[in-house]
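To keep things clear, I will list the structure first and then write my remarks on it.
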């Protein structure tokens, strides 16, 4: 009995300690949110000084990601709101509102009094009523140093006809979150999932809420059946029959103290409402499925299909995350329960085939559904692996096709002509903004990474999904021209990043030590001097981090090691970095 009581006391003691830590973390999180609320209030005070609507023709919006791009329900316009940008030292959040005229190919910045606070990773949906409305829910605000987050739970509507913002204050809605998804379903806005993150903790959601556009009230839905696990950044769309489609997403969980493991989901669910009752159904679609990824963008394609573009697959290691970025298109046909890849046909090839009297391919995405093996092409072999938690992982492998036949002279001519004029397409990216208007898909901005550097984009592309011939460039951008500030490049590093206080002298001493280590590390020739660092970034980044780690010892903080590694590389390469 003595041992048993001892064990019980030990368990209760551990529970008390955990509860105490939870209260401490919760208190710290509340303090952080209060600090951010004060900063948000300052921005709102500035916004409140605007008393009239100002429309200014302008150049395209600055680089950003996690904004919303929505088609105007009545006009040939696109509406861009919010977003974020990180320059290496500081995070910028926006609540700017832009209108893009499709016919004129021009941008207009519209300043409206009392807009929603600055945010990113929110959700927006358009409805045609009242001359057109843009509804915005949730999202997040980050501190300048990107270490603290505030998650919104507010709901706003932009009345497009009168150019006025209105905050809708209705109780019973979702908690504060970002990374969620929202769609218009009949006369309701339906919200699913998302996450809430503080400095020390995070939580992912799989709850469902509906907001009535008639009564302006929230209701929490409790569908029957087994639904998706908690996640964010997934695909959510509504079919022409009114079925809500959920695919993929991302979540993470704590494996042990200060160690998290991310999960890429590739399962699919349908959410239906029949006779007032909501039901979850898990489906296993066929066809060529997207490879596992997060940060992809979604739009509704013609003929009731769902479209998926881009994204990133992160490979998590102990001290770093490496991402493979994508710029591919995938379509899901709910009627056939089938995925297929969107492939460009190219306009020149199509014209030559017509001149030779050959039957042209159908001018629609339908032609992409056929899985045919061209004699000179490789074939994709698709395999599925089901994890213990039920997550379906699709593995795509490219293999040569056996038994190739001779290629006709005309096909050889087509191939040679195509080789001389490569197709234009957006570079690989994640968290881009998508919008579909009259069968044309528009892609704006997003980001990709090279080593430790993040490139945020403001290029603009479009493609006619009925023809699938080619991407057209509306705004071009060279990512290499973008400013990127390293932490060691600025003497005002603490001020820019949001000073913690009391650490300036310590960091100054560390800087002196780092400069000595830089000279020692500069004698290690990873590649030829004066070569561009970006050209060798994946290899030399790892090299310099190892050199810095060896010089500084195993107990050095990762952030300092990376900073020293960059300084060493800069010393070695000079102005070419």
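Backbone N, Cα and C atoms are what each Cβ position is placed from, and that goes for glycine too.
In TrEMBL, the annotation region 'Disordered' applies to 350-376, one of the ranges 323-349, 350-376, 431-457. As annotated in TrEMBL, region 'Disordered' covers the listed stretch 403-423 rather than the other ranges in 403-423, 550-570. Annotated by TrEMBL as region 'Disordered', the relevant range among 1-34, 35-68 is 1-34.
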